[in-house]
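Chemist: Below you will find the structure I want to go over with you.
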């Protein structure tokens with residue numbers, strides 16, 4: 001059976017396991033945990049109709065609480081902890097449906113006729129460990145992810161007013177989703193310009209210089225930028241709804257005196273360049289089954305990466321120069337946030353202590369690996385994509401990660417999902433390996449979280 005054919009069994013299993021996991025979480029974790037003690041009372045205040053009380057420690061807008069209030073009205077739910085945790089879990093159940101549309105648009109395939117039959121690839125990607133874990137705690141991550149993915153899908157469909165409206169909703173979950181609203185517009189227009197054709201007997205429209213990604217060179221990027229003014233009049237009208245969202249967001253920032261709502265002392269924007277390198281490592285650590293399962297094979301991918309790094313004198317000079325610059329940014333802009341080493345209940349605590357702090361030279365030794373992994377992803381998603389399609393996501397990842405001073409896997413969630421969705425040709429064995437990899441991580445993490453609570457320390461989690 002093709003991985004893209006309708007297969008409701010996959011989704012039924014996904015839903016069944018999710019319900020059982022939520023049941024186990026509610027049985028074992030009976031009190032709000034980690035960030036839940038901030039979110040739960042705030043949601044309960046909304047349930048009481050008290051919309052003006054606000055916990056100054058909460059950093060994000062009230063989208064999560066409004067969504068819970070909507071579910072309460074629709075399903076007649078209570079606002080206790082188990083019922084509130086239904087909000088992210090229901091969002092998790094909607095994630096394969098949203099991802100189906102995104103994956104099919106990247107593959108240029110027709111989606112399944114029924115929403116209840118997401119393909120295997122969408123179900124596996126929805127099981128991505130960060131999304132899966134936070135689908136069972138009262139956090140903003142999964143509703144935020146679903147709203148962003150849906151915004152991108154609507155923009156790709158050309159439904160720009162609806163995409164902008166949903167993009168505005170996504171910003172009520174996490175403020176930096178404004179970046180993904182603009183990404184949705186940019187991606188939709190690059191794809192539109194790539195495939196548009198003139199009607200019969202009419203003059204061909206202006207063309208954006210946007211060659212195939214794997215054939216493009218540095219000069220092509222310059223030509224792409226120089227050709228952009230020719231096509232701007234054709235895409236400006238579609239920007240109007242997104243401009244209104246951008247204006248509304250700007251008004252919020254002015255009214256609030258910044259992007260972060262509360263606890264501003266611990267959420268000061270920074271210039272955290274290595275965060276971009278951590279994301280490349282993160283994406284490779286989780287996405288290696290999709291990365292290595294291309295039709296050319298692992299050896300061809302490795303040869304391609306080597307050619308991009310050292311294939312000729314120019315590439316070698318660029319690689320050496322990039323390595324030097326990256327080492328300088330690691331030296332000058334590495335941030336060891338106080339939260340990173342003050343809480344040993346997270347993976348990042350151990351990764352930082354046992355890898356990055358193993359020896360002062362370790363962060364610099366990882367630089368060639370970062371470059372190689374970045375090229376591997378570029379080559380992997382570059383099949384049947386243009387230069388600008390390949391580069392758009394990295395461009396928009398920068399403003400989402402660069403200002404964040406804390407190394408936190410949740411910050412990489414949306415970027416990873418959008419990246420992985422661009423890998424169009426993962427074979428069935430690659431999907432099986434990816435699903436197994438995610439399942440092992442999910443099972444171990446959730447088992448430790450639920451059943452290995454440490455006295456005086458707490459529960460281990462992402």
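Backbone N, Cα and C atoms are what each Cβ position is placed from, and that goes for glycine too.
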Chemist: Looking at 204-220, 391-407, which one is transmembrane segment according to TrEMBL?
Modeler: 391-407
Chemist: Would you say the transmembrane segment (118-140) and the transmembrane segment (7-25) are in contact under the rule of three or more C-beta pairs closer than 8 Å, pairs 6 or more apart in sequence?
Modeler: yes
Chemist: Could you check whether the transmembrane segment (118-140) and the transmembrane segment (391-407) come into contact, where contact means at least 3 Cβ pairs under 8 Å with the two residues of each pair 6 or more apart in sequence?
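Modeler: As far as Cβ distances go (cut-off 8 Å, pairs 6 or more apart), the transmembrane segment (118-140) and the transmembrane segment (391-407) do not touch.
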Chemist: When you look at the transmembrane segment (86-106) alongside the transmembrane segment (275-294), do they share 3+ Cβ pairs under 8 Å, ignoring any pair fewer than 6 residues apart in sequence?
Modeler: no
Chemist: Can you name the far-off residues of the same chain, 6+ from the ends of the transmembrane segment (235-255), with a Cβ under 8 Å from a Cβ of it?
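Modeler: For the transmembrane segment (235-255), the sequence-distant neighbours (Cβ-Cβ under 8 Å, at least 6 residues beyond its ends) are 158, 160-161, 163-165, 167-168, 171, 175, 178, 181-182, 184-185, 188-189, 192-193.
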